[in-house]
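Written below as structure tokens is the structure these notes are about.
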Amino acid sequence: MEKHPGPLCVNPHELYFVRTQRSRGKMDKKRTENQNLCEKRLRVCVATCNRADYSKLAPIMFGIKSHPEEFDLEVVVLGSHLIDDYGNTFRMIEQDDFDIGSKLHTIVRGEDEAAMVESVGLALVKLPDVLQRLRPDILVIHGDRFDALALATAAALMNIRILHVEGGEVSGTIDDSIRHAISKLAHYHACCTRMAEQHLIAMCEDHSRILLAGCPSYDKLLSTHHREDYMDIIKSWLGDKVQEYDYIVALQHPVTTDIQKSIKIYELMLDALLSFNKKTLILFPNIDAGSKEMVRVMRKKGIEQHPNFRAVKHIPFEQFIQLVCRAGCMIGNSSCGVREAGAFGTPVINLGTRQTGRETGENVLHVRDADTQNKIYHALELQFGKRYPCSKIYGDGNAVPRIIKFLRTIDLDEPLQKTFCFPPVKDSISQDIDHILETQSALAVDLGGTNLRVAIVCMRGNIVKKYTQPNPKTYEARMQLLLKMCVDAMRDAVGLNCRILGVGVSTGGRVNPQEGVVLHSTKLIQEWSSVDLRTPISDALHLPVWVDNDGNCAALAERKFGHGKGVENFVTVITGTGIGGGIIHHNELVYGTTFCAAELGHIMVSLEGPECSCGSRGCIEAYASGMALQREAKRLHDEDLLKVEGMEMKLSEPITAGHLINAARLGNSKADAVLNKASTALGVGIVNILHIVNPTLVILSGVLASYYQAPVQRIISERALFSAQSIKVLTSELEEPALLGAASMVLDYATRRIY
């Protein structure tokens, strides 16, 4: 009988073949999965040309590298990165553990106009081979260098999508033309400021492809500038004897549209620094036309051998941050001075026209016509050693997450051909939440006698979120609570899609708004005299801070959001617990020599009137304020003359000004007489104001405004001079004038900044 062969009888050659086929099948399957994964990843090529643009691109590169499942990063290095005279800065890219896919020697030496043109041409010859080999889905380019223009031109002609970082800005030289040319070639834009966004929109770029991200370098500098080893870094570059805030950082580049003048300014700057006699760290200029002549000037003056100077070609960005942060002053025309230095409040002297048009913080002193050594020396005297409020015009430290999110939204199936949005231009307030284009907002603080309030207020005057706590009685507890509430609001602002531009504080008492100091407080707020509010809030939140009196804030609120909008001259009178206000004359607040010009509640209307909280007698506040009416109401109540028929009063209910007004409406002649005297006092006081400043309009604000409006209008018509009798008295329609006024200080400063 024939037996069937069992499993052990299989031909070994056949078994080997079966196993091999199975193994190949698994390998093919794995290879297919890897190919599918690669196909899903976005191939992003970042091209960097010099030390300056790498400081902006490196944070983006780290962000892309941290998401290997989504992005495939390629790095191309060209330009001055590869030149020994400029520090061979490609090495710092390698030290950051980035694989450089291509190094292109594209610089034609000569440092003149012809060499720049030839360098662009050489880059255009070499780039096509690299881009064809890498085949990126998108090329990331930064700024306004001639190398970047070559990159954008090559990529656009090879149908590669371009993301341009920091487009839309204005700086006043040939860089402007190059920057805008790159923007026109680019398909997507990651800009730093609202003004830059507006410029791109005005250039007819598609608003949906513009991301208001902030400057990527701020992500690094805001998170790393508080290093404990900063003194070691300072001493390693400037010597052991130097102290923080007692040295200068100098960085001056040639202006290619006026090379001879820029060389002259450089010479004058060096002379001024030699005379100023402070330790100075000076960086070599960039590779633009004219740089060779500037280096000759520096060497002719012996700067490299001078004991007060340290001349260097390159400093790693992390260390440069520490040096700028703690410098006594920065001088030159580098964009770092008008951008990054503002984040630390470092004083800056900007020389010449290279940064004309840039948005700057108040830390920058411009010397545009730097034609004498004495002018630059005087600027050094004014700026050296000062500290300014920290500015976040160019970013809040969250640019990279926004850019990464923006990259995820890029649809490679969309048509490659750009479309331009010709006028009418889209309204900038219309934003795309998917791209996190935040609403510009302010943090508003109202320090009242009873409550401490903080609010997030957007550009249109809407209160996005409000926080209220009882106002502590001591300075320490008050400041601790204030900072905690502000930090909470800052955290919530991120989730609410609001970009906080600064902090505005409204407080009772006499305030020096220039210094951000409460000089003398009202009796309602204890331990609140000679208090510097600006410094602790700015230091804690890393934001610029404005402080003003609550009456002035009410006037500012009306000017921006209320009846005073578009009115050149008007007066706001607050009728609340006290009497206060503000005067707007020729669209500006009137402060006076000692900041008490608008203490309207303390205008005297009687020589022998009731005692006022200020210590005098016969002030408007002593007659017409909520406290004065409450005092009279209690007097009538104690004499059993307040309550009338139809008036309900609970035994435990505290007596207020409201009871007095209610009693008068129900026919109480005593209460009516008190209110008539109060209305007359307020009306006469306002007539005095009309005769002094002659405004177009009077706006009554506060809880008593609606009651006083008609009587005050009547008294003006009866007692004012004929030419002032027609001035209207309106009741404010703003619910939160103190908060809105505090916010307007921030929002007005951010939106009308013109240099």
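Keep in mind that glycine also has a Cβ here, set from the backbone N, Cα and C atoms.
Feature annotation from TrEMBL assigns active site to ASP550.
If you look up TrEMBL, you'll see ARG510, THR522, ASP550, GLU599, HIS602, GLU621 marked as N-acyl-D-mannosamine binding site. For GLU599 (N-acyl-D-mannosamine binding site), the same-chain residues 6+ apart in sequence whose C-beta sits under 8 angstroms from its C-beta are ARG510, GLY551, GLY580.
Residues near CYS614 (Zn(2+) binding site) in space but far in sequence (CB under 8 A, at least 6 apart, same chain), listed by position: HIS602, GLU621. If you look up TrEMBL, you'll see HIS602, CYS612, CYS614, CYS619 marked as Zn(2+) binding site.
Here TrEMBL flags 69-407 as domain 'UDP-N-acetylglucosamine 2-epimerase'.
The Zn(2+) site is defined by HIS602, CYS612, CYS614, CYS619, and by the 8 Å test on Cβ atoms against their centroid, the other residues of the chain that qualify are GLY601, MET604, SER613, GLY615, SER616, ILE620, GLU621, ALA622. By neighbour count, meaning other C-beta atoms within 10 Å, the densest spot among the binding-site residues CYS612, CYS619 is CYS619. Regional average pLDDT for the domain 'UDP-N-acetylglucosamine 2-epimerase' (69-407) in the model is 91. Remark: ASP550 (active site) has ASP446, GLY448, SER506, THR507, GLY508, ILE574, GLY580, ALA738, GLY741 as non-local neighbours, by Cβ distance under 8 Å and separation of at least 6 in sequence. Residue environment of ARG510 (N-acyl-D-mannosamine binding site) contains 17 other Cβ atoms, counted within 10 Å of its Cβ in all protein chains.
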